[in-house]
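All remarks here apply to the structure that follows.
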Amino acid sequence: IRLPVFSSAHAHFICKMAAVQGGLVDAVEEKTIKSEPVADATANNSANDARAPSSSPGSGVSPGVNKPAAGAAEDQQTLLAVLQFLRKNNLSESVEILRREAGLPEDSLDQKGGDSTGTGLGGPEADGRTDAGSLLSRVTVSSSAPSKAVAEDQPDVNVVLSAYSQQGDPALYEVYYSGLKKFIETVLDCHRAELSQVFYPLFVHMYLELVYNNHENKAKAFFEKFSGDQECYYQDDLRVLCSLTKKEHMRGNETLLDFRTSKFVLRISRDSYQLLKRHLQERQNNQIWNIIQEHLYIDIFDGMPRSKGQIDAMSGSLAGEAKREANKAKVYYGLLKEPEIELPLDDEDEEAENEEGKPKKKKPKKDNMGSKSKKQDPNAPSQTRIPLPELKDSDKLDKIMNMKEATKRIRLGPDNLPSICFYSFLNAYQGLTAVDLTDDSSLIAGGFADSTVRVWSVTPKKLRKVKSAADLNMIDKESDDVLERIMDEKTASESKILYGHSGPVYGISFSPDRNYLLSSSEDGTIRLWSLQTFTCLVGYKGHNYPVWDTQFSPHGYYFVSGGHDRVARLWATDHYQPLRMFSGHLADITCTRFHPNSNYVVTGSSDRTIRLWDVLNGNCVRIFTGHKGPIHALAFSPNGKFLASGATDGRVLLWDIGHGLMVGELKGHTDTIYSLRFSRDSEILASGSMDNTVRLWDATKAFDLETDDFTAATGHIHLQDNSQELLLGSYMTKSTPVIHLHFTRRNLLLAAGGYNP
């Protein structure tokens, strides 16, 4: 329905009032009204409607931009229905403002509700317009059939504002869909794969229209006839869809909300699109054309049509593929310049290497740390792009230790695979749900379904608490070993249990300085724990539902969280409110990760997309599609150039962040991939899965490909099926799903999981 005569602010207000005053429209319908006009319900009601499609979309933009103009009578229907609704709820001031904006005479609504002979708009004789009573009586009639009308002074606003109002004869839905299917099956092979992409979104919206307009049997028959034709990777969505058999089921359904509020994106070549458009115009198939205009975004490109393999590689997400424009923004994926810290020499190093120790140490440092050298990476953001915490003395000491470890790091490759040490959590009947290790591999923590967080020391050094305040007063604060003296030896133990959450713990993350631990839970909170006192310092309350994951920034201070409310949040440890909210996913955010330079955050979701967000301004700068199931694992390469993702479809997909392209696919796992990790020098990628295996892949070879300008512009990718060549090793546990992987500073691979007896 078009609302051309009053402002969007009024439309928003009216929709809100409709929702509050009797629940006539829900939030989804409100969004539909605000966003764009919907095709008229009554103008297209005839089964033999012989009009040509109303508009022809421009190139490269959504066909939905050009809408058919509704007639003046339909405009007045809408306007008068809304005016009556406002008046019924005693909103006289709003009635007056809207009437003035619409240019209606003062007596336009003076007649009584049941009086169809009132003067209304001055009568048909006055200015050629229909009187208000007859207009309102037409609005109140249900759109599906001339059933019992509502009282004339209570127009059914739900009918006026609905997104899926009746647009055609329900008996012809199967005919329309079958006709399009036959046409697509007869076109040339090069176009068939591209045009077949429209089957799924059309099927969904036609089914929902039938359900919305109470054609339950027709909807069921339509679903049974055509659901088997849809791609296998939409089966989960179809299972949800088939449970929506009545109009009442649609209200508040999350999957339906996604379909109605976001346009399904299809990427089609210009030649294929022209074929489809010509067919629909010749057949005068307004039903399908209207759905394409309303609910689809067709991203048209020039050039050869894509093959079935190329389309399948990028398909599968809840909202189709990403628009090409979504991946064009500049991303500063380079690493920040490392602070200059002098590397002291140990006695043993001097004896073994004499005066050549220093250069020998520094050379591997530059090689192994990638871009972490004194030269500024041209692709790196500026040091001050986002405020980062200053290095403390303890941080500098830790960096020195890291550099020393780097000199002893094993260079991995196809001929030199890492050793793997596996930590099995035995008797974890309380349900192990998350694991994390500190960067120096000294501590390991587990989150459990019984709401506890447990921390273990991996080294012989035991965990100790800080002494009580009274004992601390007796310490000589000037002594050299004051940090050692403040620890209470009586509390030393191999593990500590942290109590505080009131639901299963789903995500945990150590701070880089090992002083803090984050945990996120089903109870909707994130807790910050001190590893000095083993107590909870802060409970961050911003999410309304379970928080599935959280992670510290590589530079500390910041952390990110994501959960069931579909919004990722950026926090700082000293703020109880989030600094940024990243909104755009259509389903739960299942995993979150920081880019190595801390300027970007990546989120994986149950909507089967991956999004990269800019921490500085909150913008989404990359959308990656291709997974066929919810995403559960993400990992950046240490050099910041690449991203690996794993999902319930058992595939690892590799992405080039700079170009915004998928560059590889690793197949071999038979169950959900739960953890991914690159070795410290980006040579090896390790994947851990619920199929009880750890697999090692040749990352160098996987990312060794040239990206030409044409590929970057069109998104045409041709993935080589070379998983077996890239697989370097597969290691199976007895009965332990692998839920965490970690490379030590010397490139030893640590893995962890809970044993399933």
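Our numbering is plain: 1 for the first residue shown, then up by one each step along the chain.
Cβ atoms here come from the backbone N, Cα and C positions, even for glycine.
Keep in mind that this is a model prediction, so the values were computed, not measured.
The region 'Disordered' annotation in TrEMBL covers 36-72 (among others).
TrEMBL lists 39-65 with the feature compositional bias 'Low complexity'.
The compositional bias 'Basic and acidic residues' annotation in TrEMBL covers 102-113 (among others).
Under the heading region 'Disordered', TrEMBL lists 102-131 (among others).
As annotated by TrEMBL, compositional bias 'Gly residues' applies to 115-125.
Annotated domain 'TFIID subunit TAF5 NTD2' per TrEMBL: 168-296, in sequence order. DSSP places the residues of the domain 'TFIID subunit TAF5 NTD2' (168-296) in helix, strand and coil in these numbers: 101 helix, 7 strand, 21 coil.
Residues or ranges marked as compositional bias 'Acidic residues' in TrEMBL: 343-354.
Per TrEMBL, region 'Disordered' is recorded for 343-398 (among others).
The annotation compositional bias 'Basic and acidic residues' is assigned in TrEMBL to 366-377 (among others).
Outside the repeat 'WD' (425-466), and at least 6 residues removed from its termini, the chain residues within Cβ reach (under 8 Å) are 398, 401-402, 472, 486-489, 491-510, 512, 514, 517, 519, 521, 523, 529, 531-534, 739-740, 742, 744-745, 748, 750, 752-755. Per TrEMBL, repeat 'WD' is recorded for 425-466 (among others).
Under DSSP, the residues of the repeat 'WD' (498-533) split into helix, strand and coil as follows: 0 helix, 19 strand, 17 coil. As annotated by TrEMBL, repeat 'WD' applies to 498-533 (among others).
Broken down with DSSP, the repeat 'WD' (540-581) shows 0 helix, 22 strand, 20 coil. What TrEMBL lists as repeat 'WD' is 540-581 (among others).
Beyond its flanks by at least six residues, the repeat 'WD' (582-623) meets 254, 258, 262, 316-319, 322-323, 326-327, 329, 331-336, 380-381, 385-386, 388, 507, 548-555, 558, 560-564, 566-570, 629-636, 638-640, 643, 645, 647, 655, 657, 660 of its own chain at Cβ-Cβ distances under 8 Å. Look at TrEMBL and you will find 582-623 (among others) tagged as repeat 'WD'.
Per DSSP, the repeat 'WD' (624-657) is made up of 0 helix, 20 strand, 14 coil. Sequence annotations record features per position, and here TrEMBL assigns repeat 'WD' to 624-657 (among others).
Look at TrEMBL and you will find 666-707 (among others) tagged as repeat 'WD'. Predicted-model confidence for the repeat 'WD' (666-707) is 89, expressed as mean pLDDT.
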*Which sequence positions outside the repeat 'WD' (540-581), separated from its termini by at least 6 residues, show Cβ-Cβ distances below 8 Å to it?*
388-389, 503, 506-513, 516, 518-528, 587-594, 596-598, 601, 603, 605, 613, 615, 618
*Provide the three-state DSSP residue tally for the repeat 'WD' (582-623): helix first, then strand, then coil.*
0 helix, 24 strand, 18 coil
